[in-house]
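J.: One structure follows; several queries about it will come next.
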Amino acid sequence: MTATGLTMGGALAGRVLDALAEATADAPGITRVAYGSGERFAHQLAREEAEKLGAKARIDAAGNLYLTLAGSNADLPAIVIGSHLDSVPHGGNFDGAAGVVAGLAVIAEFVAQGTRPSRDLILLATRAEEAVWFPLSYPGSQAALGLLEPQALEARRSDSGRTLAEHMREEGFDPGAVGRGVAGIEASRIAAFVEVHIEQGPRLVAAGVPAGIVTGIAGGFRYVDAACLGAYGHSGAEPRFARHDSVLGFTDLAAGLEAEWDALEREGHEATITFGRVESDPSQHGGSRVLGELRFTLDVRSANAAVLERIETRLHVLFAEVGVKRGVVFEAGPRFTWEPATMSPALIAAFDRAAGDLQMRVPHVPSGAGHDAATFAAANIPSAMLFVRNENGSHNPHESMDIADLDQAIRLLFRFVTGFDRGHP
């Protein structure tokens, strides 16, 4: 990365991202396990850099990190800029981290210009946003607001098999307080929550622009251990009429859901339907066997709650129809949901004004992926997101964000913060 032409904050962001990449490399890509050593390093690095700039640090019971640059009127609710610092296994360096370093960069810009915000500016680095580690939706940000359900603390981390409570305690935090609903920050003390994040889809790349303003975050449901159960049989001896083929049952299910997806698109609705993992038992499958069991995950997302309900209704109809047709039984298994979130129209308008001031073309884009901002929006906290252009998608080691694009988002975010009280009481 080069600092040529960057703001001071942008140059700092580049250096911090480089340090993160080097320290948490796990070929291919990087790995920062939630409540593990990589996430711990990232939080400590963010804290050290913010404290060099004069920010005050504190940590809540769940381990979320709050870095506060004092404003001229501490009685006013704060502007909170935040994102997460964990990653998926062997993922890219920018998912989550880009948002934290963007907040760090805004603090650096205030320091460089010898000014301070009109109200406190808090950089929040959350914990455990990536559901690959714990089968939960945003446990870190939920805990920050005192909203994490006590039973969530019994969720087990995918690699260790140990509970969220155990991992919190091991890192020196207080799961008991989290379970009692002790908040790290009260919702009433937040004037706005803003998250900067790489776009995990192709819209900004296709539009040829460095940044976008998010209109809303998709909700969804996920089945993490579903199964199609049939009966094993000999590939030559088992006639078609007697088969209970789990592979054909699963493919009929997938085809039926894709047909529903096609119908939704014809009607102008957006959704995504993903079978992220499909597997059979290696000790049972073979080249000359009818497969009797297939396990899979299903992830469905849409910004429209009615669309989600329609797809899930169709899913269960297909379970029954395909079950009769193929002689199989579907077991849905554990189900997890998260609600769609609409970003604040007032904050979107404020970002539009900031973009106009900077003569930047910043389109409005939806978010199909979930983000911590959804937690704050669901708590009726005015929330906004900025996306940064990113090549090659996300949740893979080939994420490719140009620091110059992040710097444009930093400029926009700084303008938003400095102009916040011109458009708000």
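Glycine residues also receive a Cβ, built from the backbone N, Cα and C atoms like all the rest.
What TrEMBL lists as Zn(2+) 1 binding site is His84, Asp95, His197. Annotation source TrEMBL lists Zn(2+) 2 binding site at Asp95, Glu130, His395.
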J.: Can you tell me the CA-to-CA distance separating Asp95 (Zn(2+) 1 binding site) and His395 (Zn(2+) 2 binding site), as a whole number of Å?
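T.: Between the alpha carbons of Asp95 (Zn(2+) 1 binding site) and His395 (Zn(2+) 2 binding site) there are 8 Å.
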J.: With a radius of 8 angstroms around the mean position of the C-beta atoms of His84, Asp95, His197, what other residues of the same chain does the Zn(2+) 1 site pick up?
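T.: Apart from His84, Asp95, His197, the close residues are Ser83, Phe94, Gly96, Ala97, Ala98, Gly99, Glu129, Glu195, Ile198, His371, Asp372.
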J.: Identify, among the binding-site residues His84, His197, His395, the residue whose Cβ has the fewest other Cβ atoms within 10 Å in this structure.
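T.: His395, out of the binding-site residues His84, His197, His395, has the fewest neighbouring Cβ atoms within 10 Å.
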J.: Where Glu130 (Zn(2+) 2 binding site) and His197 (Zn(2+) 1 binding site) are concerned, what is their Cα separation in Å, rounded?
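T.: Given the Cα positions, Glu130 (Zn(2+) 2 binding site) is 13 Å from His197 (Zn(2+) 1 binding site).
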J.: Quick one: among the binding-site residues Asp95, Glu130, which has the most Cβ atoms sitting within 10 Å of its own Cβ?
T.: Asp95
J.: Around the Zn(2+) 2 site formed by Asp95, Glu130, His395, list the extra residues of the same chain whose Cβ is within 8 Å of the site's Cβ centroid.
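T.: The surrounding set, listed in chain order, is Ser87, Val88, Gly91, Gly92, Gly96, Val132, Gln200, Ser394.
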